[in-house]
Amino acid sequence: MPEQAQEKQANVRSEPSRRFCVAPMMDWTTTHYRYLARQLSRNTLLYTEMVTTGALIHGDTARFLRHDPAEYPLALQLGGSNPQELAHCAALAEQYGFDEVNLNVGCPSDRVQNNMIGACLMAYPDKVAEGVRAMINATRLPVTVKHRIGIDGRESWDELCEFIEKVSEAGCRTFIVHARIAVLEGLSPKENRDIPPLKYDWVYRLKARYPHLEIIINGGIKTFDECRQHLEHTDGVMLGREAYHNPWLLAGVDTEFFGQAGPAQSRHEALRAVLPFLQDELDRGVFLSHMSRHLMGLFHGQPGGRQFRRYISENAHKPGSGVEVIEQAMARVPEPENASILPATAPSKTPA
Ligand SMILES: Cc1cc2nc3c(=O)[nH]c(=O)nc-3n(C[C@H](O)[C@H](O)[C@H](O)COP(=O)(O)O)c2cc1C
């Protein structure tokens, strides 16, 4: 077990709040993105990219589960359906120090469908329940499920309720609901994130019908105003693309949703706090360009933001590039004189 995980287990674990979450996103919510996100908000629950049980069991387990303790609270998302394998991987999640283990029942890609992973499992609530039960028996961590409101051919309200009932009877009490169906025949994963219409009212109805369950809403949420509205009907919100493309949004989360000051006073300060981590990663042999692409959104919409991104694009891939590229890029953006540029009171919209 890594030292960091041992240390963490010595402490009392408390269940993370899911009031505000950043969604699992393959190739996007890497350890480097998450490290930046954590400089902006202490309370946001972060999710890893999906890792399949097959990759964890037959591949380089330590590499797939690698993260920095600074990223906590952090949930590991698994893709799989074999109960023994899911149980094994849930135990690994605990061993490695994660705060939650989540099962992906929402991914529509063909590749995963062929392996009975992701959204296709919505057609097999008993199988999901069996997997969830095995995971719960294998770990003390909370086991949660992220799913759609249906899939093509199985998109009725009653079928959604059957899914929730079977999986909650297996012991799952937290459901993260992407408020649109997945069309498994004929739409790409990307199209499946935009084309099927959002039905937020279905998620609200789930919370009303199953008030004892924790229901987190996901899909198309961009502003704090929208979050506040959803929180009137659900227990938490999960943002994906907006949190990635505009990570500064997270700088307002602690104030807005947790009544605490956030850790970063400015974008520059947050980015400076990431540099030592980038240096450690460079020392391990990680390429700068592999990490810097996840920092690109930080100055989104800011004067100088384009120059920041351009400087990184033109220089990060060069052999031997180090953190000085990020420093140089940052120097292209005017730094606010007064570091405290967050509004004193909670912003009503995404912080500019
Ligand atoms: C690039 C990308 C990768 C994604 N990978 C995953 C994944 O690994 N697991 C998962 O459950 N959802 C994945 N999703 C879906 C998101 O978690 C989320 O459900 C979806 O983007 C809708 O939320 P949003 O509108 O706030 O982005 C991915 C989305 C994107 C854009």
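Using the three backbone atoms N, Cα and C, a Cβ is placed for every residue, glycine included.
Where the annotation comes from TrEMBL, it is an automatic prediction and has not been curated.
Owing to the predicted nature of the structure, the values given are computational and were not obtained by experimental measurement.
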Candidate from K127, K146, K318 that TrEMBL assigns to the same FMN site as P24, M25, M26, Q77, H178, N218, G219, G220, G240, R241:
K146
Out of K146, K190, R241, R309, which of the recorded positions is least crowded by other Cβ atoms within 10 Å?
K190
Site with most surrounding Cβ atoms, counting all protein chains shown within 10 Å, from the recorded sites R193, R306:
R193
Rounded distance in angstrom between the Cα atoms of K190 (site 'Interacts with tRNA') and N104 (site 'Interacts with tRNA'):
16
Quick one: of the recorded sites N104, K190, R306, R309, flag those whose CB is under 6 Å from ligand 1, and say none if nothing qualifies.
N104
